[in-house]
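Report on the structure given below.
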Amino acid sequence: MRGPLGAVIGRYPSSDGTTERGGIIKHNRKCRDVAFLVIFIAFWVAMIVNSSFGFNQGNPLRLTYGLDYKGNVCGDRHAHPGLRKLEIKYWLNPNQVYQSGVKDSQFKLSNARSICLWDCPIPSEDSLNWVCDYPEGDIRLSMRDWINRYYDYYEFLTPEMRNTSLQLQGPCYPVIFPSVNVHWSCQFIARASNTSLRHWQQMGGVNINEDIVIDKSIHRSINSRSSVLKRYMADIGKSWPVLIVCGGLLPLFLSVIWLLMIRHFVAAMPWITVALVNILIITVTMFYYLKVGWIENDAISPIIGEHDPYINVFGRELNHLRAVAILMTFVMVVSVLTSIAIIRRIIMATSVLKASMILCVAAKVIGEVQALIIFPVIPYAVLAIFYMFWISAALHLFSSGQVVKNNCNANCCAYDLVAKKVNCDDCCGYSIHYTPHIAIAIFFHLLGGYWATQFFIACSSTVIAGSVASYYWARGETSPEILFLPVFASMKRLIRYNLGSVSLGSLVVSFVESIRFILESIRRKPKVSGTSDGWFGRMGNHTSRRCLSCVEWTIKSVNRNAYIMIAVTGKSFFKASEIATELIMNNILRIGKVNVIGDVILFLGKLCVSLSSAVFGFLMLDTHKYRAAHDKISSPLLPVLICWALGYVVATLFFAVVEMSIDTIILSFCQDSEEHQGTAQYAPPLLIETLGDQNEMQRLTQ
C-alpha cells in the first residue's frame, strides 16, 4: 500500500494539521534507472561512430548520378578527370545496351561503357555525330575544349583508332539513337536516325541493332527498386530548404498560434480543429490528384529539361503517387464521415463540455506559469540541431557503398588511349557494392533517430508535468516563484534524478516500433519473391500487425502517465507506471471519457499543424527550382511526408504543454482525492465542478 504523495511545491498540511511552507521537493529523491542512462549514452557514442563511418565512406552524389567507365561519379569535381557539371550518364555502345536487354543474356547494363556528359547528345540531321572518350594520351584536348566540341574529336583519330571506332570499340562512338535526360541518365528512344544510320553504314560500321529492347533495357535499370530508393533519398538532400521552412519554422509558428488560441478560444477550438482537419486533408488529397495527372495535366515527369512533348516516359514514382492518392481518398472519406459523427456528439454529449472545461483549467495553468509557453523552444532547438546532423549522416550512410570493378567475364573490348591499343581484358564496368554491415548500420541509425526523438519528447513531457504539478499542489496561488521557478526546478530534477527513467521509457517505445518494422519487412519478403501465403498466413500477418499497433498505443499512453508520476514522485519508471495505472483504474469512470475526448481534440490539432506543413511543402516543391531546374526532385512524396512527420514532432513538443497539463491535473486530482477521502483539497473550483460530480458518477456506474 503506497503512502500519500503530497505536494511538490508550495503549501501543504503537515502531519500535525498545521500549514507549513514546503520546499521544492518533499520526497527523498535519488537517481533512478541509472543503468539505462548508461546504455543510452553508450548508444549515442555508437551512433557517432556509426555516423563517422558514413561521413568517411559516403558520397551523396551517388544517390543521384551514375558511374562512368572509369568508376567516377558523374558531377564529381574531384574525379580524374574533373567532372564538374558533367552530371548525365550516357551509354556509348548501343549494341552493348541491346545485349544487356536480351532475355537470358549474361551481359549486364552496368558493364556497358558509359560516360558523363553535359547533356544528352542528339543525332545529326545531315551527317554523323560522335561521342568520344575523355581526351587523354595522344588526344591533346582539354576537358573544356572537348565539351565545346560536343564530345567529338573523331577527326583527330589515327586510322587505327578510326577503324576500332567503326567496330564499336572506341575511342569514339556514333550517335544513332535520340535520347532524353531521365533522372540524369540518357534514355534511348528506339527510333534510330535514318540519316545517321545511313552515314554509319556508308563508312563501313558494324551492324547496330534497332530493336525496342535498347529502350527497355535502360528504362528497366532506371526504374529498379534500388535506383528509385536512391532517388527518394536524394530528394531529401535536394529539398533541404523545404524541410527547414515547412518541417521546422512553419510548425513552430503554427503551434504557438494554436497555444494562444487555446488560451482565448477554448470553447470554439473543437469546432475550429475539426473543420481545419477536413479542409487540410481534402487539400492534400487534391495536391496528390494534381501530381498524378487526375486533375489538369500536371503529373510528375521523370524527364529533366526540355524535350519533345510527344515523348512520354513513365517512372515508378508515378505509381507510388497513385497509390498514395487512392489512400488519401479513403482517408478523406473516412475523415468527413467521422467528423459528421463527431459534430453530432459535440452537440449531444455533455462529456465534450467537460473536456472543454478541462481545457479551460489547462489554459489557466499555462497563463499563470508563463514559462510553459516558452519552454518547448528548448527541446525544439535541440531536436532541430539533432535532425540536421541525423539527416546528413543518413544521406552519407545510404551512399556509403564501395565503388568496385565488376567481374563480368564478357567478350568486350575497348580502345585504351593511354596504352594506345585495344584492351579486351579490362573492359568491365563499375558498380557500387553494399555490404551487409551497411544495412545494419542504416537500421541502427534509424533506430537511434527514433529513440532520440522519443527521448527528447519524454524529457519535455516530464518537465511540463513537474511544472504543472507544482502549480496544482500550490492551490493555484500566483507568486513570483510560480511564474518561472517550477519550470526551471523541474528541469533541474529531470537532469539530476530522472534521465535514466526517461531513457528507459523512450527505449521501450523504440523497441516495440523496431519489432513492428522487422515484422513488416519479413511480411513483404514473400511478395518480393513471388510466393503467396495462404489465408491462414495472411490472417496471422494482419492480426500480428494490429496487435503490435495496439501494444504500441498502449505503451505510449502508459509512458505518458508514467512520466507524470516520475516528475511528481521521483520514482523509477516501472514503479511510476504502476502508480499511474492504479490511479487511472481506480478513477476510470470519472476521468475516462473526458480524457479520451481531450486527447482526440489535441490529436486533431497536431494533424492540423502537420497537414499544414505538408500543404506548404507541396506549394514550395511546385516551384520551377524543384520541377525543371538542376535541383529537380523525382517525386514530392518523400519530402512532403518528412515535412508532415517533422511538423507532427514539433506540434507534439508544443502541444505537450496542453496535453501534459491536462493529464497531470487529472492524475493530481485523483491522487488528491485518494489522500483526502474522496474530496480533493488542492483542486481549483472549476476542476472540482468538472470531475467531482457524484451524480454523474452514479449514472455512469448504473
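In case you wondered, yes, glycine gets a Cβ from its N, Cα and C as well.
Listed as Cβ neighbours of the transmembrane segment (34-55) (distance under 8 Å, sequence separation of 6 or more from its ends, same chain) are residues 389, 393-394, 396-397, 400, 441, 444-445, 448, 451-452, 455, 499-501, 503-504, 507. For 34-55 (among others), the entry in TrEMBL reads transmembrane segment.
Residues or ranges marked as transmembrane segment by TrEMBL: 240-261 (among others).
What TrEMBL records for 268-290 (among others) is transmembrane segment.
Residues of the same chain lying 6 or more positions beyond the ends of the transmembrane segment (323-343) and with a Cβ under 8 Å from any Cβ of it are 274, 277-278, 281-282, 284-285, 288-289, 291-292, 294, 637. What TrEMBL records for 323-343 (among others) is transmembrane segment.
Annotation source TrEMBL lists transmembrane segment at 380-398 (among others).
Among the features that TrEMBL reports, transmembrane segment is placed at 455-474 (among others).
Within its own chain, the transmembrane segment (600-621) is flanked in space by residues 239, 241-242, 245-247, 250-251, 254-255, 258, 269-270, 273-274, 276-277, 280-281, 283-284, 287, 355, 359, 627, 633, 636, 639-641, 643-648, 650-652, 655, 658-659, 662, which lie at least six positions past its ends and keep a Cβ under 8 Å from the stretch. Residues or ranges marked as transmembrane segment by TrEMBL: 600-621 (among others).
Sequence annotations record features per position, and here TrEMBL assigns transmembrane segment to 633-658 (among others).
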